Amino acid sequence: MGGCAGSRRRLSDSEGEYSCPPSWELLGLCNNFSYVVMLSAAHDILSHERTSGNQSHVDPSPTPIPDNSSSRFDCNSVSTAAVLLADILPTLVIKLLAPLGLHLLPYSPRVLVSGICAAGSFVLVAFSHSVGTSLCGVVLASISSGLGEVTFLSLTAFYPRAVISWWSSGTGGAGLLGALSYLGLTQAGLSPQHTLLSMLGVPAVLLASYFLLLTSPEPQDPGGEEEAESAARQPLIGTEAPESKPGSSSSLSFQERWTVFKGLLWYIVPLVVVYFAEYFINQGLFELLFFRNTSLSHAQQYRWYQMLYQAGVFASRSSLRCCQIRFTWALALLQCLNLVFLLADVWFGFLPSIYLVFLIVLYEGLLGGAAYVNTFHNIALETSDEHREFAMAATCISDTLGISLSGLLALPLHDFLCQLS
């Protein structure tokens, strides 16, 4: 995935894609990476043990609790939903405020802050000596991913619509690579602390992708092919050409923004429901879907759930060129059925094998990824050029709102079920 700043040409929307789009895929991958890793590490963050020295240590493969354990669910004192809330509430605040004034800040400083926060999150959690400090590191990861997502989705308004597919594929790849790398490195015997520190290169790749690989959008009416090629080769650093585009979100009145937002509800509501259901499962039920008849420890089971979910998300977020879905409300309905089924299993314990849960979790990820990429693709097709930047930024609130609601409800569920067990 080398640089293509000197060879890229912009194709028309009808042609569908860039000849060389690696920067958008890298941006999506790096932007969501820290967010995913923190969710994969949630069980470790809340159950870690301290050594007598200054180093934090989490046993990557703790011995499974015996069958005569007094707790049916092998509960932590705090639900992993607490990590979810720390990983999503700052993002929610950013996305709520973004349509009101974030466009006044140029893109480059936003990306720089995002990269610094991502690096800070890995360092803070790795060297943390308390759950509270670890959660502060998770908050930094949330700020990074939330600010980055609003920034880059807004930026897609100035490029051919095909970049949405590449961005979505990258974010799906972040989920798979983040969960798989955390699972693989800890399974190999590396401590979670060293695993997190080994990931510090990802924020550097994010900044390099934006400042070195990503090229400026071409002018609307270039003075000729040579001028257009020259403009296409200019990196975004040192110029904020998108900010000066006529008809951008900064020129929209409050009334126009409200009108556009009301029109987006057809897409926003199903995406909220999809993400509410799947993250209620991920951070509310995963830790309670504990099987004792397997060689995997509780922590390992949790990591496998996260990895398989992200694998499904990656596959479906990369499927836009093969399959497009117009009615995303159907995906919301199917995800709710998943939630009801797994909640019933947590209560009654009727599934005999963890491998059946593995299949359901993979399917859950497929639904979530498909809802995300198709929602933004449909918006890109159906909004006018002057409204698209605002529409993309405003719709970002959907997944974050659904995830936040799921975390708030998953906390009391955890306490209730663990008290019963």
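Glycine is treated like the rest: Cβ placed from N, Cα and C.
For reference, TrEMBL has these:
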REGION    50-70  region 'Disordered'
TRANSMEM  81-105  transmembrane segment
TRANSMEM  111-128  transmembrane segment
TRANSMEM  135-158  transmembrane segment
TRANSMEM  164-183  transmembrane segment
TRANSMEM  195-213  transmembrane segment
TRANSMEM  264-281  transmembrane segment
TRANSMEM  327-348  transmembrane segment
TRANSMEM  354-373  transmembrane segment
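Spatially, the transmembrane segment (354-373) is not adjacent to the transmembrane segment (135-158); fewer than three Cβ-Cβ distances between them are under 8 Å for residues at least 6 apart in sequence. In terms of C-beta pairs under 8 Å, the stretch of 135-158, 164-183, 195-213, 327-348 lying closest in packing to the transmembrane segment (81-105) is 135-158. Residues 84, 309, 328-329, 331-332, 335-336, 338-339, 342, 361, 364-365, 367-368, 371-372, 375, 378-379, 391, 394-395, 397-403, 405-407, 409-410 of the same chain sit 6 or more residues outside the transmembrane segment (264-281) yet have a Cβ under 8 Å from a Cβ within it. Contact counts against the transmembrane segment (111-128), taken as Cβ pairs under 8 Å, peak for 135-158 among the stretches 135-158, 164-183, 195-213, 327-348. Sequence-distant contacts of the transmembrane segment (135-158), counting only residues of its own chain at least 6 positions beyond either end whose CB sits under 8 Å from a CB of the stretch, comprise 24, 27-28, 31-32, 34-35, 37-38, 45, 82-83, 86-95, 98, 102-103, 107, 110-111, 113-115, 117-118, 120-126, 128, 164, 167, 203, 206, 217, 241-242, 245, 248-249, 376, 380, 385, 388-389, 392-393, 395-396, 400.
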